[in-house]
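Asker: Right, I'll just put the structure down here and ask away after.
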Amino acid sequence: MPKGPKQQPPEPEWIGDGEGTSPADKVVKKGKKDKKTKKTFFEELAVEDKQAGEEEKLQKEKEQQQQQQQQKKKRDTRKGRRKKDVDDDSDERVLMERLKQLSVPASDEEDEVPAPIPRGRKKAKGGNVFEALIQDDSEEEEEEEENRVLKPAKPEKNRINKAVAEEPPGLRSKKGKEEKSKGKAKSKPAAADSEGEEEEEDTAKEKEPPQQGKDRDKKEAEQGSGEEKEEKEGDLKANDPYANLSKKEKKKLKKQMDYERQVESLKAANAAENDFSVSQAEVSSRQAMLENASDIKLEKFSISAHGKELFVNADLYIVAGRRYGLVGPNGKGKTTLLKHIANRALSIPPNIDVLLCEQEVVADETPAVQAVLRADTKRLRLLEEERRLQGQLEQGDDTAAEKLEKVYEELRATGAAAAEAKARRILAGLGFDPEMQNRPTQKFSGGWRMRVSLARALFMEPTLLMLDEPTNHLDLNAVIWLNNYLQGWRKTLLIVSHDQGFLDDVCTDIIHLDTQRLHYYRGNYMTFKKMYQQKQKELLKQYEKQEKKLKELKAGGKSTKQAEKQTKEVLTRKQQKCRRKNQDEESQEPPELLKRPKEYTVRFTFPDPPPLSPPVLGLHGVTFGYEGQKPLFKNLDFGIDMDSRICIVGPNGVGKSTLLLLLTGKLTPTNGEMRKNHRLKIGFFNQQYAEQLHMEETPTEYLQRSFNLPYQDARKCLGRFGLESHAHTIQICKLSGGQKARVVFAELACREPDVLILDEPTNNLDIESIDALGEAINDYKGAVIVVSHDARLITETNCQLWVVEEQGVSQIDGDFDDYKREVLEALGEVMVNRPRD
């Protein structure tokens, strides 16, 4: 056996320990001195404080900085990365000044290296001041604390903690923030101490007596295997950034990551809409198991925009294969919900592909039909692969034949051969004739490019297709085709529309947005309307019963507050009973007293005109065409009476709006004339109604100036057409499209017209307002001429259908269903007669 180092007398080792003795020697030798003299820990600190001088402090700071740099290089090499060097001198000075303020001697204890303890014993956090101040500041420091063993120095730690606790709160919080922001930099001296432990222990081993050296060798052999295991565990934890996090910390981190992902998704999708905030309950274990399900189940999500809460703890349930209509008053968040689903700001199952049709296609040289076909990227990829393999086959590569056969099989499975026919069928249904289908998209207006975008969405057939007011840019013929086409849609559909007839024919379910929640009704819109009215009646009965109970309690001597409290207690007991019955473990909101159900009612009224002798208006021998174009009309000849109810129909571009302008006198015929009663007053609602408004005025000022009305009368007129009171005094330029439309209707009523000529009046109106408009037309005693794509408005007002075709106008024999059948037959479609739920 090799001889151990010569035993050294213990006394000289304590002389000049700051110069010739390593920190490890001091730890071991001071332990012996403690046993002999039995001095307390604080006495030892006092002695050491006197022995340490300013030169020793500077020397140790330099040594500490060198050890820190060595440790940083080793860590960078081990983890395979290099980080930027951080200068910790200022941080150490701050801590040294803090230690001086706390009256804690930091000259020796600061540089002590804890002696290792045998494996299996509990590791005690030692007297390293840096650790005592910044423990648990970072995940990296926690890993280092697990891989090193500290010498017990509990009295010092307690003393420091006590001193910190006695520090003024303001100073402590301020310094705490500084330390927390620099936690990683401050943890490096302690890590450097543990890194240099091996060299210091070798030095101490050489100075030990032979017997102690043997014992130490034995202990190190026992500890070696334990340290290797700990080192492996440390490497595993270093690779796993979440290994040292508690369950609570992991849960918090997951929420933060989900929130950041949602925010980034919204910013990427629409940078202009950065005022939205979204929150959603965590995905339950059952939902996690159903990530590959075809249904959507979102529970307790909230959405706010510009500080206004749109959804609060709402639930979204969408079953695959159902066709949903999302309804509710304007401005309550319907479009916002569709955008959040499309941007995946909410937790949509990853296997569900979602498409929201909201933007028109790019205007370029691409023909309309090719713009639709290029939406199918899978088909394009297979066709490109087919061309490449055919080229290889022609060059004599026999291996390409087998691959080419597989490509053919995939093309047949996706129906690639019928893709162009399908695209042309959709475009034809939306109003594109063969010449228009091959026309570049840059030659179309915005409305027609929006139709191309809708055609692309229908052609792609996503798992969940969302349409926001799809009929707004369509004429009646296109609406009839789309209505019929979507009745055969086999995938999931979510529609926002104000066309009640469209919702009745297409939808199998209705989602009602009310009081920041989503309520579900099975059936079409008509079924929902009946069920909702019944629900409102029941709520009104419950409210009246509650008010009666409150009156009885007040009559019995209870105060209003006491009566309400007692009523709430009764509701709470009922809620708890219902919860136990349904075994609902989730916490529910505390019950509140019922409020009187609010009925959203809108009533349009037009004053009845005086009687006029017929005909009041007509076109006689009229021919008209725009300059440089072929004539739209030839030899028009018809008259209108006071009891006429006429709806002008036909595809886009045949001249429906032009015919209305001829009747109002805004266009002069090329030949012939427009005749009208000299007392006739015409009220005209134009699609571009915003052009006739003065945007800088308020609605009240506009009516007062136009008709010399008193202030209160102007506001009453606006209120009758459903314009909210707060919007009466806002500049017209700041109103929404629906609010501007109501101002125009109020202006029409103030004009007291004898004939109403309405060009697409339902655009930007909600369903309740369209119903009110239909009732107003039925009550009106004057003539009505309307161009509309809303089938229900046409049928509810019993309008005669005049179709514009072949440069003329003719009346249709039959009702609206006959016209629908005629339109579909002309397109080669079969009319779907789906039984309504």
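Every residue gets a Cβ built from N, Cα and C, even glycine.
So Swiss-Prot says this about it:
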type	residues	note
BINDING	G328, P329, N330, G331, K332, G333, K334, T335	ATP 1 binding site
BINDING	G650, P651, N652, G653, V654, G655, K656, S657	ATP 2 binding site
COMPBIAS	29-39	compositional bias 'Basic residues'
COMPBIAS	47-64	compositional bias 'Basic and acidic residues'
COMPBIAS	71-83	compositional bias 'Basic residues'
COMPBIAS	134-146	compositional bias 'Acidic residues'
COMPBIAS	147-159	compositional bias 'Basic and acidic residues'
COMPBIAS	194-203	compositional bias 'Acidic residues'
COMPBIAS	204-238	compositional bias 'Basic and acidic residues'
COMPBIAS	551-572	compositional bias 'Basic and acidic residues'
DOMAIN	296-540	domain 'ABC transporter 1'
DOMAIN	617-832	domain 'ABC transporter 2'
MOD_RES	S22	phosphoserine
MOD_RES	S90	phosphoserine
MOD_RES	S103	phosphoserine
MOD_RES	S107	phosphoserine
MOD_RES	S138	phosphoserine
MOD_RES	S194	phosphoserine
MOD_RES	S225	phosphoserine
MOD_RES	S587	phosphoserine
REGION	1-256	region 'Disordered'
REGION	551-599	region 'Disordered'
Asker: Starting from the Cβ of S657 (ATP 2 binding site), draw a 10 Å sphere and report how many other Cβ atoms land inside it.
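Answerer: The Cβ of S657 (ATP 2 binding site) has 16 Cβ neighbours within 10 Å.
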Asker: May I ask for the distance between N652 (ATP 2 binding site) and N330 (ATP 1 binding site), taken between their Cα atoms and rounded to an integer number of Å?
Answerer: 27
Asker: Same-chain residues six or more away whose CB lies under 8 A from the CB of K332 (ATP 1 binding site)?
Answerer: L310, L513
Asker: Whole-number answer please: how many Å between the C-alpha atoms of K334 (ATP 1 binding site) and K656 (ATP 2 binding site)?
Answerer: 32
Asker: Around the C-beta of G333 (ATP 1 binding site), how many further C-beta atoms are within 10 angstroms, looking at every protein chain?
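Answerer: A 10 Å sphere around the Cβ of G333 (ATP 1 binding site) contains 23 other Cβ atoms.
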Asker: Average pLDDT across the domain 'ABC transporter 2' (617-832)?
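Answerer: That region's mean pLDDT is 91.
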Asker: Please work out the helix, strand and coil residue numbers for the compositional bias 'Basic and acidic residues' (551-572) from the DSSP assignment.
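Answerer: Residue counts for the compositional bias 'Basic and acidic residues' (551-572) by secondary structure: 18 helix, 0 strand, 4 coil.
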Asker: For S657 (ATP 2 binding site), name the DSSP secondary structure in the helix/strand/coil scheme.
Answerer: helix
Asker: To which of the binding-site residues P651, G655 does the lowest count of other Cβ atoms within 10 Å belong?
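Answerer: With the binding-site residues P651, G655, fewest surrounding Cβ atoms within 10 Å: P651.
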Asker: So how many other Cβ atoms are close to K656 (ATP 2 binding site), meaning within 10 Å of its Cβ?
Answerer: 22
Asker: Please report the three-state DSSP label of N652 (ATP 2 binding site).
Answerer: coil
Asker: Given the ATP 1 site residues G328, P329, N330, G331, K332, G333, K334, T335, which other residues of that chain have a Cβ within 8 Å of the mean position of their Cβ atoms, reported in sequence order?
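Answerer: What remains near the Cβ centre is L513.
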Asker: Can you tell me how many other Cβ atoms are located within 10 Å of the Cβ belonging to N330 (ATP 1 binding site)?
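Answerer: If we count other Cβ atoms within 10 Å of N330 (ATP 1 binding site), we arrive at 16.
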Asker: Can you give me the Cα-Cα distance between G333 (ATP 1 binding site) and P651 (ATP 2 binding site) in Å, rounded to a whole number?
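Answerer: With distance taken Cα to Cα, P651 (ATP 2 binding site) is 32 Å from G333 (ATP 1 binding site).
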Asker: May I ask for the distance between G328 (ATP 1 binding site) and P651 (ATP 2 binding site), taken between their Cα atoms and rounded to an integer number of Å?
Answerer: 30
Asker: Determine which residues of this chain, when G650, P651, N652, G653, V654, G655, K656, S657 are set aside, have a Cβ within 8 Å of the centroid of the ATP 2 site's Cβ atoms, and list them as they appear in the sequence.
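Answerer: Close Cβ neighbours, site residues excluded: D475, V804.
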